[in-house]
Amino acid sequence: MKIMTEEAFDVVVVGSCMTDLVSQAPRLPKAGETIHGHRFFIGFGGKGANQCIQAARMGVKTTMICKVGKDFFGDNYIQNFKDNDVHTEFVRQTSEAATGAASITVNDAGENAIVIVAGANMLLGKDELQEVLPAIRRAKVLVCQLEINSQTSFQALQMARENKVKTIFNPAPAIPDLDSGFYKVSDVFCCNESEAELLTGSPVSNVDEAHGAAQELLQRGCGAVIITLGPQGCVVLTAKASTATHVPAPVVTPVDTTGAGDSFIGALAFYMARHPAMPLEEMAGRANRVAALSVGAAGTQTSFPFRRDLPDELF
Ligand code: ADP
């Protein structure tokens, strides 16, 4: 395929698209149990797409490199990107698998349980990446996760690195035996508590433990580590600093925490592209404020704030 665009993008996301099938219920069902929920809706999700859309809503030029099915959900997803001003030239459609889908249950406390069938996402490969290399080269920031083939994510991060494009890697969903090469191609390695726990093999349930985990992850070769801690915000550790900094989040009443981490990473990508010289701790503090807003509303992308919802001081 010939790449038509000569455009330079602020943020390029190589990642997943998922159609979310969301049920809201008083509590999460146990194994073998059927319970009644009070509401069902279909939403747009997938960590890659979520992060891209949060960055786009804040006002940077974004493109998504991904694969969806040649089906209703795939067509719908492409329209969703267009509606959010995300460039879609590099969104591929395949008839070999269905668009990725996620069955999500949210309880009244805002907690969630999720089953993902990655489908077409897993078919994004080397060949497609080679085709989009010109776009990757011209980007300011490239963002990857692990909801697509991990080789594809790794290759994209490597391509970005070779071309001096800043990288954010979000090792989610976490795999225990993550290839050590991922750390070395990550300018910012950003994960949540459970991912940090799985990667380090030590408990990460409070700020102190997160400080220790950040040190451990930094030693593996990334430029900086951010571990998000839900209502407690995050800890940030850069190669320059000797200790991690705890950056608290604003206090909010959670409505639905689905996608909070993606809102945080999308906002972080925005700041890295727009204000590359800003200290990472400052970017993380601002990203906390963006993500905290997303927690105060229902749904995933539906809860992500637009530029107009955010105060000027965040820009
Ligand atoms: P994930 O969605 O990957 O589990 P977290 O739960 O750590 O990620 O949340 C990511 C970010 O979202 C946090 O660092 C914080 O900025 C914000 N956040 C999440 N939950 C809350 C909350 N209850 N109150 C305020 N901010 C929150």
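Here the Cβ of each residue, glycine as well, is placed from N, Cα and C on the backbone.
Features reported for this protein in TrEMBL:
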type	residues	note
ACT_SITE	D262	active site, proton acceptor
BINDING	M18, T19, D20, G46, K47, G48, A49, N50, E147, D262	substrate binding site
BINDING	N192, T228, L229, G230, P231, Q232, G233, G261, D262, N288	ATP binding site
BINDING	D256, T258, S294, A297, G299, S303	K(+) binding site
DOMAIN	10-305	domain 'Carbohydrate kinase PfkB'
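Ligand 1 lies under 6 Å from the Cβ of none of the recorded positions D20, K47, T258, D262, A297, S303. In sequence order, V255, T257, G259, A260, V295, G296, A298, T300, T302, F304 are the same-chain residues whose CB sits within 8 A of the CB centroid of D256, T258, S294, A297, G299, S303, the residues recorded for K(+) being left out. Taking CA atoms as the reference points, the residue listed as 'active site, proton acceptor' and D256 (K(+) binding site) are 13 Å apart. A distance of 21 Å separates the Cα atom of E147 (substrate binding site) from that of S294 (K(+) binding site). Counting other Cβ atoms within 10 Å of each Cβ, the lowest count among the binding-site residues T258, S303 belongs to S303.
A distance of 14 Å separates the Cα atom of S294 (K(+) binding site) from that of K47 (substrate binding site).
Sparsest Cβ environment among the binding-site residues A49, L229, A297 (other Cβ atoms counted within 10 Å): A297. Its Cβ taken as reference, G299 (K(+) binding site) is surrounded by 21 other Cβ atoms within 10 Å in the chains shown.
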